[in-house]
Amino acid sequence: MAIVSSGFEKHSSSNLSRKTRLLDPTPSLEEGKVRKEDSLRPKCWDEFIGQSALKEVLGISVKAALSRKEALDHVLLYGPPGLGKTTMALVLGNELGVKCRITSAPALERPRDIIGLLLNLEPNELLFVDEIHRLSKVAEELLYPALEDFRIDLTVGKGTTARTREINLPRFTLVGATTKPASISSPLRDRFGITQRLNFYSISDLNRIIQRAADLFGLSLTGDAGLEIARRCRGTPRIANRLLRRVRDYATVQNQLKLVDKSLVDKSLTLHQVDECGLDQSDRRFLLFIIDVHNGGPVGLDTLAAALGEEAATLESVVEPFLLQIGFLKRTSRGRVITQAALEHLNSCKNSPIIK
């Protein structure tokens, strides 16, 4: 196996923390703030680009629920972060003409947290729970009768004076979102009438998403420029919008807001060390360590973690999934192995200003 020299330093200060990566699909603090110009979320089926099979399934269920004038079945959406699970829940609410209340499982620590939410629901409303795999056991048990029989059972009093009080709830729809469906307990998972996966987006769909966001930003983007961002965003709309913001910053400083072309996009993303395959410095550091130090592998995850100064779980959940997805990495019984495709890509990039 040919070797690509990286100038790798064992004690490099580079860090793979999710909080600092431009290509991290989890929402950043910037994206958590609602600002007028950054309200990029679609509000209806027509505005939601991609996921055509999912939209067809949910669209039929929505029309059926509306025709019967009843609540939609409980919905479980799963898939990698950044693909639009929260957005889909909001679109469902708009299409049904009801309010969508949003919370996350970690926020429902105490029984009164989930009870308060359930008691305040109006008929046919949506309750969206993000990271539902992180629900506590107590919260889950409170949800079981609420999901199945639309009631909650409260225990009043203590000891011999304790008694159970049954409170009826209006019919509602729980929309759960998770990146780890296997971590959801079977009793909870079985109570969802509709379970659907969100898949990574195609380049053409991402280009349409980017062009729509550029219009909302008041940015004039050529077709080639949109495609260039789409190729580097890992099939994830959240990353696409984040890269577009960085391109907009660069165009603002360069006074080229009137027309953003492919050349400007390339300069901007090269500045952020995002290459044409969507790899960033952390990805390349991971790959180049295996190549330079272990001749392409195999190498164990714990060895990689120790050498890179990261936790094994961080590498496994943050860096490896995309490299596996694009065929740059293989997991074997003996450890991680670099593929020929990864080697060819790194060889082609070795003279690029991205590789420093």
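Any Cβ shown, glycine's included, is placed from N, Cα and C.
Mean model confidence for the region 'Large ATPase domain (RuvB-L)' (13-201) is a pLDDT of 86. Per Swiss-Prot, the feature region 'Large ATPase domain (RuvB-L)' maps to 13-201; the stated evidence is sequence analysis.
What Swiss-Prot records for 15-35 is region 'Disordered'.
Sequence annotations record features per position, and here Swiss-Prot assigns ATP binding site to LEU40, ARG41, GLY82, LYS85, THR86, THR87, GLU148, ASP149, PHE150, ARG191, TYR201, ARG238 based on sequence analysis. GLU148 (ATP binding site) falls within a helix when secondary structure is assigned with DSSP. The Cβ of GLU148 (ATP binding site) has 12 other Cβ atoms within 10 Å, all protein chains considered.
The Mg(2+) binding site annotation in Swiss-Prot covers THR86, and the record cites sequence analysis as its basis. In sequence order, ILE102, PHE128, ASP130, ALA177 make up the list of same-chain residues 6 or more apart from THR86 (ATP binding site) whose Cβ falls under 8 Å from its Cβ. Secondary structure at THR86 (ATP binding site), taken from DSSP and collapsed to helix, strand or coil, is helix.
The region 'Small ATPAse domain (RuvB-S)' annotation in Swiss-Prot covers 202-273.
Among the features that Swiss-Prot reports, region 'Head domain (RuvB-H)' is placed at 276-356.
Taken from Swiss-Prot, the feature DNA binding site covers ARG331, ARG336. Secondary structure from DSSP puts ARG336 (DNA binding site) in a beta strand. Counting every protein chain shown, 24 other Cβ atoms lie within 10 Å of the Cβ of ARG336 (DNA binding site).
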* Structure fact -> Quick note, ARG331 (DNA binding site) and GLY82 (ATP binding site): C-alpha atoms separated, nearest Å, by 25
* Asked: Cβ-Cβ under 8 Å from PHE150 (ATP binding site), same chain, 6 or more residues apart: which ones?
  -> ASN168, LEU169, PRO170, ARG171, PHE172
* **Residues LEU40, ARG41, GLY82, LYS85, THR86, THR87, GLU148, ASP149, PHE150, ARG191, TYR201, ARG238 [recorded ATP binders]: greatest CA to CA distance in Å** => 37
* Pop the Cα-Cα gap between ARG336 (DNA binding site) and GLY82 (ATP binding site) into the table, whole Å please. => 26
* To do: Could you tell me which three-state DSSP class ARG331 (DNA binding site) falls into?
  => strand
* Between TYR201 (ATP binding site) and ARG336 (DNA binding site), how far is it from one CA atom to the other, in Å? -> 27
